Amino acid sequence: MSIITTAFALSLLATTAFAVPPETPRIELQAERGLGDQSYAPWQVDCPSNVTWIRNATTGLGTGERAYIEAREKLVQPAIEQMMAARGLETPPRTPVIGVALAGGGYRAMLTGLGGIMGMMNESTEASQSETGGWLDGVSYWSGLSGGSWATGSFMSNGGQLPTTLLENLWNIDSNLVFPDDGKLSFYTNLYTETNAKSDLGFPVQITDIWGLAIGSHVLPEPYQLSNTPNLTFSSLPSVVAALGNASLPMPIIVAAEREAGELVIAENATVWEFTPYEFGSWAFGSQYKSPGAFTPIEYLGTSVDDGSPNGTCWKGFDQLSFVMGTSATLFNGAFLELNGTDSGLLTNLITAFLADLGEDQADISRIPNSFSNYNSGENPIYNLTYITLVDAGETNQNIPLEPLLVPTRDVDAIVAFDSSYDSDYIWPNGTALRTTYERAKILAEHENTRVLMPEVPSMNGFVNGGYNSRPTFFGCNDTTTPVIIYIPSYPWSFAANTSTYQLSYENNEANEMLLNGMRSLTLNHSVPTWPTCFACALTDRSFMYTSENRSTTCQECFDTWCWAGDDNTTEPANYEPVINSVPPWLIANNLSIGMADAPGSNESTAGTASSGAAKMGVGMGMVALTAGLGLML
């Protein structure tokens, strides 16, 4: 491994030898504060006496989340009233709890998911013209996974700005995520400085730290990027971001999955862990056997806790937002598969050897100090672990983070599920994420205290054969025990959005088209006049306690059109190859679409996708740079 590292390091330094980057300014540390207050490293604090270190999941919502949702409801209610009135619909008798869930898939998922969010923002002219803009103001929860967690972190930390504004003024995603166009030496020097400071304190440092810092330096606010002070913690967001401090945005949840000792392939029933600005934990522990989970204050994550009490030394700063985003997106197990298509044999051999060593050393996961050590040892399967080992939750095939929004305690009424998964040969979704969550829900239902409320959905073949993976579909329409899931799959309304998960850079015009196409997957490109009304009906249906017997005529007509009817054609479908700049055939067959010509915005076709040999070579170069930097640090 040292030979590989040396070769990578020399090649990296050779590319920067003729350009001496300017010194990166570092903020002077205040004398009374530890290093971690100003940098990526955690810092030591006095242990507080008024903290509940472990909260059993069966006790309901934590106090921080409960207070946030109560404050959020006061803003959500008038927003929903306004949106319903605009459609000529009745105001719900109670405020519905609405969630959005953004799938994983690297930058593709980040851009497509944020495009979908943009379709719900009244700040977007096109979304407002499409009459879906404004609904984000009625959303209470937002969950993100992998690339969807990048979308979550960037959107929340930047105060809910329009994604196209972030692209224009902040993001530097035209520079390779881990192999920047310039300043490579300063980039890796800063990585070394920040991660070494964390390591010196005795905390584990792995590839996730580097990956997360790289992500943060492309999408987080500039003051918290690697070249400045990368010290934005998840727990500090409500105090740092005014729009979160006053509950003007949905409460963010970022999701990861546990990889148990000895596992190479993550079980679909693996423990799902969630990070919020208030807590870290899981609603259900274990994979083979499920038991009620628990939560700990995320502000003190990294503190050694034994049976609910700290061991004398407490820490803050472990919950760096970049680290949480990196934890949710540990894509490197999948790098083995992607390398099979890399053009350079030498490159493939070098990176494969390095990644193999990482896998053996458990450096390809994220290690979280176990706050639940010796807690509830009779039922807690992680009571004897020093670290909780987390990976990208998409590795469980639950690539849409629905589970946190299906927990009965949160009382979610409707979920808008944005799916940009790489399920098919041509990198389009086929419903795998929803079906996997449905199958997992059956396992969780075996224990009353771990169940989630997931409606039935068709098989993957049924999704494709029914066309459900090409247009919005409502699931759980007449099952009043579950939320209504409004499934929004990515579709090439105006752009070839089926780019590779491992495409590590996007030109700004390409990223802009990705955002617009994601928005049009939700708005249907303003081509279906009844869609805004039907979208409103689905979002609020549960708060009326409607069924097919008492729904309004307007909303029942919508549900007759958009609800899954229970069919499941399990025969092997033909390859799914949607046409760019087209209307989904189902919309045409059902006489719902007025055609693309009447839709606002540019619908110019873009040829090709980013899964070409050149893109794969870019993947390889990014991995070279990343592994080179890691080798210098570990």
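From the backbone N, Cα and C atoms, a Cβ is placed for every residue, glycine too.
As annotated by Swiss-Prot, signal peptide applies to 1-19, with the evidence given as sequence analysis.
Sequence annotations record features per position, and here Swiss-Prot assigns domain 'PLA2c' to 46-569.
Positions annotated as N-linked glycosylation site by Swiss-Prot, on the basis of sequence analysis: Asn50 (among others). Other Cβ atoms within 10 Å of the Cβ of Asn50 (N-linked glycosylation site), summed over all protein chains shown, number 4.
Feature annotation from Swiss-Prot assigns N-linked glycosylation site to Asn56 (among others). Counting Cβ atoms from all protein chains shown, Asn56 (N-linked glycosylation site) has 14 others lying within 10 Å of its own Cβ.
Taken residue by residue with DSSP, Asn231 (N-linked glycosylation site) is part of neither helix nor strand, so it is coil. Under the heading N-linked glycosylation site, Swiss-Prot lists Asn231 (among others).
Positions annotated as N-linked glycosylation site by Swiss-Prot: Asn246 (among others). Under the DSSP three-state reduction, Asn246 (N-linked glycosylation site) is assigned to coil, being neither helix nor strand. Around Asn246 (N-linked glycosylation site), the same-chain residues at least 6 positions away in sequence with a Cβ under 8 Å from its Cβ are Ala71.
Asn269 (N-linked glycosylation site) falls outside any helix or strand according to DSSP and counts as coil. If you look up Swiss-Prot, you'll see Asn269 (among others) marked as N-linked glycosylation site, on the strength of sequence analysis.
Counting only same-chain residues six or more apart in sequence, the Cβ atoms lying under 8 angstroms from the Cβ of Asn311 (N-linked glycosylation site) belong to Thr303, Ser304, Val305. The N-linked glycosylation site annotation in Swiss-Prot covers Asn311 (among others), and the record cites sequence analysis as its basis.
Annotation comment: Swiss-Prot describes Asn430 (among others) as N-linked glycosylation site, evidence class sequence analysis. In the three-state DSSP assignment, the secondary structure recorded for Asn430 (N-linked glycosylation site) is coil.
Per Swiss-Prot, N-linked glycosylation site is recorded for Asn478 (among others). DSSP assigns Asn478 (N-linked glycosylation site) to coil in the three-state reduction, placing it in neither a helix nor a strand.
For the recorded site, Asn498 (N-linked glycosylation site), the DSSP three-state label reads coil. The N-linked glycosylation site annotation in Swiss-Prot covers Asn498 (among others) and is backed by sequence analysis.
Positions annotated as N-linked glycosylation site by Swiss-Prot: Asn525 (among others). The DSSP secondary structure for Asn525 (N-linked glycosylation site) is helix.
There are 9 other CB atoms within 10 A of the CB of Asn550 (N-linked glycosylation site), with all protein chains counted. The feature N-linked glycosylation site is assigned by Swiss-Prot to Asn550 (among others), with sequence analysis given as support.
Taken from Swiss-Prot, the feature N-linked glycosylation site covers Asn603 (among others).
Cα distances from Asn525 (N-linked glycosylation site) to the glycosylation sites Asn56, Asn430, Asn550 are smallest for Asn430. For the glycosylation sites listed here (Asn231, Asn525), the lowest count of other CB atoms within 10 A around the CB belongs to Asn231. All protein chains included, Asn498 (N-linked glycosylation site) registers 24 other Cβ atoms within 10 Å of its own Cβ. Of Asn50, Asn430, Asn550, all annotated as glycosylation sites, the residue with the shortest Cα distance to Asn478 (N-linked glycosylation site) is Asn550. Each of the glycosylation sites Asn269, Asn430, Asn478 was scored by the other Cβ atoms within 10 Å of its Cβ; the lowest score goes to Asn478. In space, Asn269 is the closest of the glycosylation sites Asn50, Asn269, Asn550 to Asn430 (N-linked glycosylation site), judged by Cα positions.
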